[in-house]
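Enquirer: Mind having a look at this structure? Questions to follow.
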Amino acid sequence: MTEYLFTSESVSEGHPDKIADQISDALLDEILKQDLKARVACETYVKTGMVLIGGEITTTAWVDVEEITRKTINDIGYVNSDAGFDANSCAVLSAIGKQSPDINQGINRFDPLKQGAGDQGIIFGYATNETEFFMPAPITYAHLLMQKQSELRKKNILPWLRPDAKSQVTFKYNNGNIIAIDTVVLSTQHQENITQKYLKEAVMDEIIKPVLPDKWLTKNTKFFINPTGRFVIGGPMGDCGVTGRKIIVDTYGGMSRHGGGAFSGKDPSKVDRSAAYAARYVAKNIVASGLAARCEIQLSYAIGIAEPISIMIDTFNTGKISNSALISLVRSIFDLRPYGLIKMLNLLQPIYLKTAVYGHFGRKEFPWENLDKVNELS
């Protein structure tokens with residue numbers, strides 16, 4: 001019998017790094033509404049009283065960077081200085097340039113199917129049958145806890161909650177199967193006048209218990225709610241935030257490998273983002289078809305080259321056919337060239353702000369979660 005623990009974390013939409021991700025993707029969406037051929041690499045930095053937006057953007061669109069930034073922060077819930085950040089009074093600074101023509105000549109082609117990758121890179125996708133979402137349980141439930149915190153805050157059910165929060169869930173496995181939840185950590189920013197006793201009871205009763213399945217909670221499950229005892233100072237006042245610093249939260253919670261490339265603020269010509277979505281799409285369809293219980297796929301690209309340089313698949317000894325046979329199937333069914341995967345997944349649309357919080361994967365509203373290749377794979 002082989003028992004082990006595995007832990008994943010998530011953060012709320014009010015976490016500083018997630019504020020940055022959302023601003024970058026909000027700007028990307030507004031640009032794509034006007035210009036589907038735009039090249040966008042938008043980075044955001046937030047700290048007390050200020051937002052700095054930089055990067056490279058080449059587009060025919062005009063967007064009001066300041067207005068979009070303030071609206072995004074306001075929608076998150078930072079509407080006055082009491083929470084440590086104010087959408088209406090913070091400074092918004094812009095240092096945006098254009099995409100290098102050296103890069104552009106490797107991407108744009110007269111024949112779009114020959115569109116080259118926007119950069120070199122290694123990309124991973126993953127799926128598992130351990131949850132209904134074909135996602136690992138630790139990251140799934142860490143996200144659900146954060147979504148519940150946001151829901152209760154925005155509906156004023158727990159009006160003393162503030163936007164910044166973090167969760168961490170540790171599952172116990174036996175031979176790859178979940179047997180229990182070992183530990184739950186949840187820290188949430190709050191108003192100053194709330195007692196710790198009341199906060200802990202409310203978080204347990206209103207956030208944790210409604211989200212986590214009873215079948216995995218035992219008398220030995222440990223709960224740590226605001227373990228420092230106080231979380232009043234949060235958001236950008238507590239820590240600076242930068243686009244792309246929560247890449248494990250954005251993907252599989254550490255259950256799968258990661259190529260290192262972040263997602264937010266990048267248009268689909270950047271394979272860091274678009275090929276990661278395609279890799280998830282491939283892995284999920286393989287698992288849903290019954291060809292494997294778990295599947296990880298690696299793709300690699302070279303700048304300016306259309307075809308992937310390599311494809312690797314690992315099914316962790318759960319595959320019904322060999323990994324090499326799976327790779328052959330993938331090559332015949334999925335178009336993994338940059339333009340091919342953009343078209344396959346309909347990525348040229350303004351859907352990216354929604355991806356910037358609570359994970360890019362395991363959410364049915366996104367096209368890379370479709371299971372429309374299951375029959376072809378079966």
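Positions of Cβ are set from backbone N, Cα and C atoms, glycine also.
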Enquirer: Which stretch, out of 99-109, 187-197, 264-274, is listed as region 'Flexible loop' by Swiss-Prot?
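Expert: In Swiss-Prot, residues 99-109 carry the label region 'Flexible loop'.
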Enquirer: For K246 (ATP binding site), find which of the binding-site residues D17, E43, K270 come within 10 Å, Cα to Cα.
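Expert: Neighbours among binding-site residues, in sequence order: D17.
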Enquirer: If you average per-residue pLDDT over the region 'Flexible loop' (99-109), what number do you get?
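Expert: Value for the region 'Flexible loop' (99-109), mean pLDDT as a whole number: 56.
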Enquirer: Can you tell me which of the binding-site residues H15, D17, D239 is spatially closest to K270 (L-methionine binding site)? Compare CA atoms only.
Expert: D17
Enquirer: Cβ distance under 8 Å to H15 (ATP binding site), same chain, sequence separation 6 or more: which residues?
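Expert: Correct list: D164, A165, K166, G235, G241, K246.
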Enquirer: Measure the Cβ-based neighbour count of D17 (Mg(2+) binding site), defined as the other Cβ atoms within 10 Å of its Cβ.
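Expert: If we count other Cβ atoms within 10 Å of D17 (Mg(2+) binding site), we arrive at 21.
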